[in-house]
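Please read the structure below before turning to the comments.
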């Protein structure tokens, strides 16, 4: 008896099933950052100025622009006396000092997990440590963390960078990482650092955030069960890009979309089962719109996979909490 290895009827006609990763989408840091901007607009009125995109998502940024947020990169573009919000990615000491010198009313939407890294850098620097930062050059979080010091912090993006690195204090050396990296890539680079600098001090807890870890773990479960993976996220979103790369590394074709309009029917030719996830800065509204588009392409079943339930919630800054907003329309 021979086994029939020809494509199934379902595979021939395209999408039939959609499997949703759990968890996916907004994390606590993104929720908090968006809420800070929205509350600032309600309390102080538009415009509210935000340094850099509050989170890396086109829909979120455009929605906040419509509500009265103005996104800037240079503090010189902020008028005197304005209210300024720092993005979730964090800022350097120089930016913080400039904002104070200009007299802005500042609300800090830096993710508390990024702030934790900044605090650790400041603490160990006082103890004479230099730092290796594992991250992506040019990412605002990396610029913010490296900008906590004027010197003594070195960026490595891959294992080759580690081999070429020269430090001043190999006996007083600590590692920090960008919070949105691939956990596998970060582990590989950290291992190379430890081989090169055996006395290096590792973070007390892994810097890569719980939400990044959970979403990557979910894709590791999702990808082998489907024919193609779709990641909802903007091109500038580091954690969304890592989800797409992870699925591809596991052998499953993967695509990243900013919205449902980016979907292409040809991606799903011969692919009955589609896995769907979203980066930590992508709202669930966009996921629902992608699901509807996949239904239009033939999907008849949409089901959630089992996954970690996230209950983390970060407090808002003083002045924007619930009590301070009483009576604000």
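Count begins at 1; order follows the chain as displayed.
Just so you know, glycine gets a Cβ as well, placed from its N, Cα and C.
Features reported for this protein in Swiss-Prot:
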- 141: active site, proton donor (ACT_SITE)
- 27, 111, 209: [4Fe-4S] cluster binding site (BINDING)
- 56, 89, 139, 237, 238, 239, 281: dimethylallyl diphosphate binding site (BINDING)
- 56, 89, 139, 179, 237, 238, 239, 281: (2E)-4-hydroxy-3-methylbut-2-enyl diphosphate binding site (BINDING)
- 56, 89, 139, 237, 238, 239, 281: isopentenyl diphosphate binding site (BINDING)
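Neighbouring residues of the recorded dimethylallyl diphosphate site, listed in sequence order and excluding 56, 89, 139, 237, 238, 239, 281, comprise 55, 141, 180, 236, 240, 279, 280 (Cβ within 8 Å of the Cβ centroid). Close to residue 239 (dimethylallyl diphosphate binding site) in the fold, though at least 6 residues off in sequence, lie 180, 211, 212, 215, 233, 279, 280, 281, each with a CB less than 8 Å from its CB. A 10 Å radius around the C-alpha of residue 209 ([4Fe-4S] cluster binding site) takes in these recorded positions out of 56, 141, 179, in sequence order: 179. Of all residue pairs in 56, 89, 139, 237, 238, 239, 281, the annotated binders of isopentenyl diphosphate, the farthest apart have Cα atoms separated by 15 Å. Rounded to a whole value, the Cα-Cα separation of residue 238 (dimethylallyl diphosphate binding site) and residue 111 ([4Fe-4S] cluster binding site) is 15 Å. With the fewest other Cβ atoms inside 10 Å of its Cβ, the least crowded of the binding-site residues 179, 238, 281 in this structure is 238. For residue 111 ([4Fe-4S] cluster binding site), the same-chain residues lying six or more positions away in sequence with a CB closer than 8 A to its CB are 29, 30, 32, 33, 88, 89, 90, 179, 209, 314.
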